[in-house]
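Let me begin by presenting the structure, written as structure tokens, before commenting on it.
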Amino acid sequence: MSKRPSISFSDFAAPEKGVSIVLVAKGGGFADEAAQAAGGAEKIKRIAEISGFTGALGKTAEAIETTSSGVDKIVLVGVGEPGKLGNDDWLKIGGAAFSRIGKAERATVTLALPETTIAGDEAADLALGMILRSYKFERYKTRKNNEENGDPKHAAKISICVADPHTAKRAFEVAEAVADGVIQARNLVNEPANILGPVEFAQEAEKLEKLGVKIEVLGEKEMKKLGMGALLGVAQGSVRPPRLVIMEWQGAKSKEKPVAFVGKGVVFDTGGISIKPAAGMEDMKGDMGGAAAVTGLMRALAGRKAKVNAIGIIGLVENMPDGNAQRPGDIVTSMSGQTIEVINTDAEGRLVLADALHYTNDRFKPRFIINLATLTGAVMVALGQYHAGLFSNDDELADQLYDAGQLTGEKLWRLPLGTEYDKMIDSKFADMKNSAGRYGGSITAAQFLKRFVGETAWAHLDVAGTAMGSPANEYSQTWASGYGVRLLDRLVRDHFES
């Protein structure tokens with residue numbers, strides 16, 4: 001695995017060795033501190049001129065330093081318009097800066113801009129972007145080519161010079177806990193399914209106990225007793241036993257109702273008897289991206305000691321087509337008592353979530369439930385890979401989620417729910433069917449889930465296009481993005497902590 005850079009914060013000082021990184025605004029503006037760190041204003045101007053560098057957000061330029069100062073390289077990083085920078089922008093700046101460190105073991109970032117004071121949380125966001133950019137998943141590479149993309153062989157020591165290093169350091173303690181959560185989610189999604197089955201995933205979740213998270217794991221026997229016929233119907237085609245993991249973080253007074261997050265955890269999805277095409281099926285190791293995000297979120301909340309009571313529940317199964325597998329036409333009874341006709345065994349995620357959602361609502365009676373799932377290809381057709389689909393029965397919760405997405409760059413787009421769509425999942429033989437056909441596929445899937453949350457405020461995030469295989473950016477370079485951890489941490493931080 002990649003080595004995380006060691007990051008510290010200090011007052012402004014001239015860099016003594018390694019890489020000197022300075023910020024430049026759109027149009028070429030820079031602070032006096034940047035000029036000092038680069039060896040003079042003319043040097044910055046010259047590097048920008050010969051590189052065609054304009055200071056656009058996330059763009060970089062560099063020059064080898066040949067003086068006896070001890071600095072090996074000067075890097076300019078564009079920040080765009082300083083007055084318009086948000087959380088996601090600082091992550092991009094940090095990621096872009098880290099990408100230019102190369103093999104250097106030391107780097108100094110001078111965090112100063114003209115006529116602008118950079119706050120501690122902005123410095124922490126930049127540092128978070130550096131950590132996330134440093135991430136690689138190379139656990140199974142026996143020969144690693146570190147020169148392939150210029151990333152360092154060793155963990156870089158990075159000093160960030162900022163006006164208020166004490167505040168930045170405190171903000172970074174929170175940001176680093178969030179980084180831990182994102183990286184855990186990425187690791188889980190990247191892990192191959194022959195290594196990470198339901199049992200192994202549950203064991204990874206149990207490691208959160210050392211952070212103070214209470215963990216409970218239900219096996220097949222316990223789920224049968226609870227009547228979870230929908231989840232168990234999916235699992236019956238695999239020799240690997242299912243698990244339901246309950247994670248509890250108590251960071252507020254015990255009488256406060258918890259917030260709840262539920263994740264789809266299909267560790268590998270062949271489609272079952274309604275088997276998928278072979279091409280691209282290898283990506284279905286990531287069909288547990290929702291469960292990975294919920295696990296990563298619980299790690300982040302516990303790591304930063306969030307002042308909230310939070311529940312994370314993940315349903316872990318493997319969808320396989322053996323002789324005991326669920327068939328199209330089967331009818332299963334969910335924990336809620338509602339019956340479901342299985343039209344398509346490849347619409348399995350909603351069956352897993354049906355029981356997980358009802359269990360969460362019935363046992364914990366939370367303030368709200370948010371579920372995450374790589375649920376439908378239809379949402380990718382509608383929104384591509386830059387927004388996750390948002391469905392909700394509560395406008396206030398939907399607005400809060402949308403705003404958190406805009407702030408973090410983990411963007412959402414709300415799609416409709418309605419009685420017309422709900423009628424499409426009615427069945428002639430059961431209370432409902434698990435697939436209504438091609439039209440409005442992501443909407444009818446959401447309507448299905450809505451039948452299992454009662455009157456509780458609820459939102460469904462369809463992350464099929466964003467949790468895995470989404471386009472690389474300045475701070476996410478691997479197949480798994482860790483989507484959802486930063487989004488939901490921000491939601492909790494802004495609205496639900498005491």
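Including glycine, each Cβ sits where the backbone N, Cα and C put it.
Quantities reported herein were computed from a predicted structural model and do not represent experimental measurements.
The active site annotation in Swiss-Prot covers LYS276 (among others) and is backed by sequence analysis. DSSP gives LYS276 (active site) a coil state; it is part of no helix or strand.
Swiss-Prot lists ARG350 (among others) with the feature active site, giving sequence analysis as the kind of evidence. DSSP classifies ARG350 (active site) as helix under the three-state reduction. The Cβ of ARG350 (active site) has 29 neighbouring Cβ atoms from other residues within 10 Å, across all protein chains displayed.
Annotation comment: Swiss-Prot describes LYS264, ASP269, ASP287, GLU348 as Mn(2+) 2 binding site, evidence class sequence analysis. In the three-state DSSP assignment, the secondary structure recorded for ASP269 (Mn(2+) 2 binding site) is strand.
Taken from Swiss-Prot, the feature Mn(2+) 1 binding site covers ASP269, ASP346, GLU348.
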(Q) Same chain, not part of ASP269, ASP346, GLU348: whose C-beta falls within 8 angstroms of the C-beta centre of the Mn(2+) 1 site? Give them in sequence order. (A) VAL234, VAL266, THR270, GLY271, GLY272, SER274, LYS276, MET284, ASP287, ASN319, THR345, ALA347, GLY349
**Q.** Least Cβ-crowded entry, counting other Cβ within 10 Å, from the binding-site residues listed as ASP269, ASP287, ASP346, GLU348
**A.** ASP346
Q: Determine the minimum-neighbour residue: among LYS264, LYS276, listed as recorded positions, which Cβ has the fewest other Cβ atoms within 10 angstroms?
A: LYS276
Q) Roughly how many Å separate the Cα of ASP346 (Mn(2+) 1 binding site) from that of ASP269 (Mn(2+) 2 binding site), to the nearest whole number? A) 8
Q.
Using a 10 Å cut-off between Cα atoms, which of these recorded positions sit near LYS276 (active site): LYS264, ASP269, ASP287, GLU348, ARG350?
A. ASP269
